[in-house]
Amino acid sequence: PRHLEPAGSNRSYVTTSTRTYSLGALRPSTSRSLYSSSPGGAYVTRSSAVRLRSSMPGVRLLQDSVDFSLADAINTEFKNTRTNEKVELQELNDRFADYIDKVRFLEQQNKILLAELEQLKGQGKSRLGDLYEEEMRELRRQVDQLTNDKARVEVERDNLAEDIIRLREKLQEEMLQREEAESTLQSFRQDVDNASLARLDLERKVESLQEEIAFLKKLHDEEIQELQAQIQEQHVQIDVDVSKPDLTAALRDVRQQYESVAAKNLQEAEEWYKSKFADLSEAANRNNDALRQAKQESNEYRRQVQSLTCEVDALKGTNESLERQMREMEENFALEAANYQDTIGRLQDEIQNMKEEMARHLREYQDLLNVKMALDIEIATYRKLLEGEESRISLPLPNFSSLNLRETNLESLPLVDTHSKRTLLIKTVETRDGQVINETSQHHDDLE
């Protein structure tokens with residue numbers, strides 16, 4: 001019998017069949033053992049060769065008497081045994097032919113499965129391997145590109161951050177300058193107000209001086225008129241009193257004195273007025289120059305403040321746009337990174353599935369190889385059995401005519417064992433990781 005178990009089983013079956021025929025002097029003994037074990041998934045089958053053993057027990061025959069009935073009985077029994085063996089051999093040949101057909105069929109199936117396996121390996125190697133390598137190269141290229149883009153974006157971000165810091169510092173400086181300009185402008189406005197007040201004061205002073213000059217001029221004219229009237233009166237008196245020369249000379253002296261005093265006073269008044277007017281004009285010019293310069297500086301500072309305000313607004317807009325672009329780039333990069341991570345995870349799952357499928361194909365291939373090995377071993381076993389049967393059949397028959405028969409007493413002959421004995425040994429061995437963990441044996445004796 002043939003015992004096959006799936007690969008990976010740890011149970012071993014050992015079946016021993018012993019068949020013994022004992023017939024008087026001729027005892028053919030046939031022993032056949034079939035060991036089948038599968039430690040770790042490998043099948044091992046061993047069969048012992050068929051042995052034909054002829055024994056001649058101590059049969060004592062007398063020379064003077066020959067009993068041919070015993071020889072006929074032995075020949076008849078031997079012929080029956082040979083006939084039974086031929087029938088059994090014919091059945092064994094038929095079974096072996098069926099087994100050969102089955103082995104050929106299994107070999108063909110094995111070849112078909114091997115061809116399919118090679119085809120699957122070739123397809124997997126040509127299609128899946130190339131696709132996997134190409135996809136991995138593409139993913140590596142994309143990862144490198146994303147790494148370069150990330151580095152470039154980080155550099156741009158750092159540059160923009162530095163620009164923002166520099167612009168903020170510049171903004172602070174401009175704000176400080178603006179505050180200083182506003183404070184300076186405020187002081188200049190105070191100076192302008194003071195200059196305006198001084199100018200108004202000077203204008204009032206000029207008006208008062210002009211009024212005073214007009215009053216003095218009017219007073220001078222009145223004095224001149226009075227002096228002229230007095231001179232005319234004195235001249236009349238001189239004309240009347242011609243006979244008095246001393247009075248005329250005195251009047252002339254007085255008139256000269258008055259004229260010299262009036263001319264001196266008039267000259268002094270004109271000089272004072274001119275000097276005062278020159279001083280006031282110079283002060284007014286100075287104040288006008290200071291006012292004009294203050295106005296120019298105020299306009300210049302106002303223009304600077306407006307330009308700085310516009311520049312600050314432009315820098316704020318640029319900063320906001322750059323920050324918005326940076327946020328958008330970070331969001332896009334995070335989204336692309338998540339997509340690439342999902343793609344990498346999906347590809348890794350596909351690779352794992354492919355590895356599992358390849359492992360399953362390899363296990364199936366290993367199982368097929370184990371089955372093929374077991375079949376080869378079993379074929380070799382049956383071949384040895386057939387060779388043993390052929391060698392047993394080809395043995396020459398014993399020549400009973402050449403036996404040295406002697407006279408004997410039939411009653412002294414031993415009893416002839418006319419029954420057949422068949423011993424069946426079933427041995428079960430259970431192994432795990434190449435070590436025997438359980439072993440049982442069962443003996444069955446059958447008499448025929």
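Including glycine, each Cβ sits where the backbone N, Cα and C put it.
Given the structure is predicted, the values throughout are model-derived calculations rather than measurements.
The feature region 'Head' is assigned by Swiss-Prot to 1-77.
Taken from Swiss-Prot, the feature O-linked glycosylation site covers THR16 (among others).
Among the features that Swiss-Prot reports, O-linked glycosylation site is placed at SER17 (among others), with the record citing similarity to another entry.
Swiss-Prot lists SER37 (among others) with the feature phosphoserine, giving similarity to another entry as the kind of evidence.
Per Swiss-Prot, phosphoserine is recorded for SER55 (among others), and the stated evidence type is similarity to another entry.
Positions annotated as coiled coil by Swiss-Prot: 78-113 (among others). Per-residue confidence over the coiled coil (78-113) averages 83 (mean pLDDT, predicted model).
As annotated by Swiss-Prot, N6-succinyllysine applies to LYS111 (among others). Every protein chain considered, the tally of other Cβ atoms within 10 Å of the Cβ of LYS111 (N6-succinyllysine) stands at 11. In the three-state DSSP scheme, LYS111 (N6-succinyllysine) falls into the helix class.
Assigned with DSSP, the residues of the region 'Coil 1B' (136-227) fall into helix, strand and coil as follows: 92 helix, 0 strand, 0 coil. Taken from Swiss-Prot, the feature region 'Coil 1B' applies to 136-227.
For 136-227 (among others), the entry in Swiss-Prot reads coiled coil.
Neighbour density for SER196 (phosphoserine): within 10 A of its CB lie 12 other CB atoms from the protein chains shown. Look at Swiss-Prot and you will find SER196 (among others) tagged as phosphoserine, backed by similarity to another entry.
Annotated phosphoserine per Swiss-Prot: SER208 (among others), in sequence order, evidence recorded as similarity to another entry.
Annotation comment: Swiss-Prot describes 251-389 as region 'Coil 2'.
The N6-acetyllysine feature in Swiss-Prot is assigned to LYS276 (among others). Non-local neighbourhood of LYS276 (N6-acetyllysine): LEU209, each in the same chain, at least six residues away, with C-beta under 8 Å from its C-beta.
Around SER281 (phosphoserine), no same-chain residue at least 6 positions away in sequence has a Cβ under 8 Å from its Cβ. In this structure, SER281 (phosphoserine) is part of a helix by DSSP. The annotation phosphoserine is assigned in Swiss-Prot to SER281 (among others).
If you look up Swiss-Prot, you'll see 285-389 (among others) marked as coiled coil.
A sphere of 10 angstroms centred on the C-beta of SER307 (phosphoserine) encloses 11 other C-beta atoms. The phosphoserine annotation in Swiss-Prot covers SER307 (among others) and is backed by similarity to another entry.
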Its Cβ having more other Cβ atoms within 10 Å than any other among the modified residues SER208, SER391, the winner is SER391
Taking only the CA atoms, the spacing between SER391 (phosphoserine) and LYS111 (N6-succinyllysine), expressed in whole angstrom, is 34
Expressed in Å to no decimal places, the gap between the Cα atoms of SER208 (phosphoserine) and SER196 (phosphoserine) is 18
Taking only the CA atoms, the spacing between SER307 (phosphoserine) and LYS111 (N6-succinyllysine), expressed in whole angstrom, is 91
